[in-house]
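In Swiss-Prot this protein carries:
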DOMAIN    5-280  domain 'tr-type G'
BINDING   14-21, 78-82, 132-135  GTP binding site
Amino acid sequence: MTELSKYRNIGIFAHVDAGKTTTTERILKLTGRIHKAGETHDGESTTDFMVQEAERGITIQSAAVSCFWKDHRFNVIDTPGHVDFTVEVYRSLKVLDGGIAVFCGSGGVEPQSETNWRYANESEVARIIFVNKLDRMGADFLRVVKQTKDVLAATPLVMVLPIGIEDEFKGVVDLLTRQAYVWDETGLPENYSIQEIPADMVDLVEEYREQLIETAVEQDDDLMEAYMEGEEPSIEDLKRCIRKGTRTMAFFPTFCGSAFKNKGMQLVLDAVVDYLPAPNEVDPQPLTDEEGNETGEYAIVSADESLKALAFKIMDDRFGALTFVRIYSGRLKKGDTILNSATGKTERIGRMCEMLANDRIEIESAEAGDIIAIVGMKNVQTGHTLCDVKYPCTLEAMVFPEPVISIAVAPKDKGGSEKMAIAIGKMIAEDPSFRVETDEDSGETILKGMGELHLDIKVDILKRTYGVELIVGEPQVAYRETITQMVEDQYTHKKQSGGSGQFGKIEYIIRPGEPNSGFVFKSSVVGGNVPKEYWPAVEKGFASMMNTGTIAGFPVLDVEFELTDGAYHAVDSSAIAFEIAAKAAFRQSIAKAKPQLLEPIMKVDVFSPDDNVGDVIGDLNRRRGMIKDQVAGVTGVRVKADVPLSEMFGYIGTLRTMTSGRGQFSMEFSHYSPCPNSVADKVVEQVKERKAAEAKK
């Protein structure tokens, strides 16, 4: 077993095409886990093992890989860069202790890089920066360093400088040791020599080395004082300070190279060992009660504690069902019986593996710090806590965003319904941001996801992985409804049909709630006019109707219901009577409260070459977008805007046409906003037409 201080659980984060999967491949090649590094553009990479990933050249799932470097165990997770799969990034951040942020040497800080960086900041994950693709035309290391300051508000700590650039890129100078690492043109990572610093770089190296030392010694008052008095710190002292500053995110050690050309990667691996934290050097995970409130207790990272582990990913592959688990505390052995605190059920551990992406190496035991896969677990979902039967506990839960787009699907042949249902069930277990429901009116199966590409991939998996041929409908926007006016009202439910009847009277106020408040229930009933035992029934009845609004049948958001008075009958009143009264009250009063249709607004971040900025902004304006910011860069302009989701279908094709394929964008849900009347009228009409068509079937 590797000692805990030598574990590094790291993720690799980047924008699409910045080279993070290739970076992972080179890590595996250098650490001896694979003999020939696959290329993403050839569809051969180790971590992009899904057919859809290999074909599209993007990472969709977070693939976990274990490897070793200088007696340290790396558990590496290669995460997606496309915005539709940021839930995978979030899920990975939950179980990581550190990360490598990969930026393109020519593209710089691109839209999705910023999103992933923000997620990592929120999760307090320490990172080093790797500026990749310095062999590319237009690459400029120091320009990207400046962008990380300007765009990400980060403090990069430059650790190396490139020798040459673009076609002339040969290697890097290590500022700490003042040594030049120069690779030959064979493309083999081990074919390098350590040389003197090139004469024309000496002054630049000394300038950046001085900046490095000045920043590092701020982590140690005694060292800083000695440095100010003219005493240069040792390399060991500097590394200790850099490690401390990296762990606290005071700065981010920044390296450069070319993963594709195998140049500069060894220094990045050394930096993972030297500067990123071990599992016992990060804040321990909090424990919560059943409602998700923190208890004040923590999962102490130690093999001597009772078992506390988090299932962070479920995957169905050619070997069967895999549950990926991060062990925070304790030990886990083959044959152990553990408790799933979310279900209250126990389960016996069968086979356990460490993963080389899509291949497995079976293991007998694992302990705190490990990321492993367990084969064949039942009734386990992403976010469930696995713990010692004698010491039940719950780790802080994962929260996933609500889907904003949906499509209707149906099997082409009648016999495919059961096959489709089984396949979708497995896919939901694997991806918590993918949802499914059945339309009550039409009986259609509705798939919901985070974006067009997300659902395209899911449909593709259903067809190719599970062999379900589908009829796929047009994408539908997840509209919502709300109210804009307060209404004071009352409703009496009375039913008499021999024997005991039903009676429940409620007086109430409904008013617009705070944004993102959902449904809020209050009671200001004085005395016993509506006994307290019936209040939950009133709340349940009204809340159950919030799923279907009165404008077009969309779910209702942000409504406050206050029960003010009412009446009951000693014999005829019951919880069910008051629940029915509340349901009828919803139908009666929501229409009086001036309901309004809401549409999802997306935060859109577009990169455009300078020549096309006017076209891009004009197009966003035509899509009812509101321009929030424009940031000029060296190679183009970043345009940030809020745009309705309904206007963004097919946008990538339009952007590529406008920019001759050079434009890029990312998009994530921002908020719900009132629909203009003209748009609302069209939506209502479309819903009516759809229902009429379904009624004829």
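Keep in mind that glycine also has a Cβ here, set from the backbone N, Cα and C atoms.
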**Request:** Would you mind checking how many other C-beta atoms are within 10 angstroms of the C-beta on A14 (GTP binding site)?
**Result:** 27
**Message:** Check the DSSP secondary structure of L134 (GTP binding site), expressed as helix, strand or coil.
**Reply:** coil
**Prompt:** Which residues does L134 (GTP binding site) neighbour through Cβ under 8 Å, counting only same-chain ones at least six apart?
**Reply:** G105, F141, P162, I165, E166, F169, C256, G257, S258, K263, G264
**Request:** Could you check what DSSP calls A14 (GTP binding site) once collapsed to helix, strand or coil?
**Result:** strand
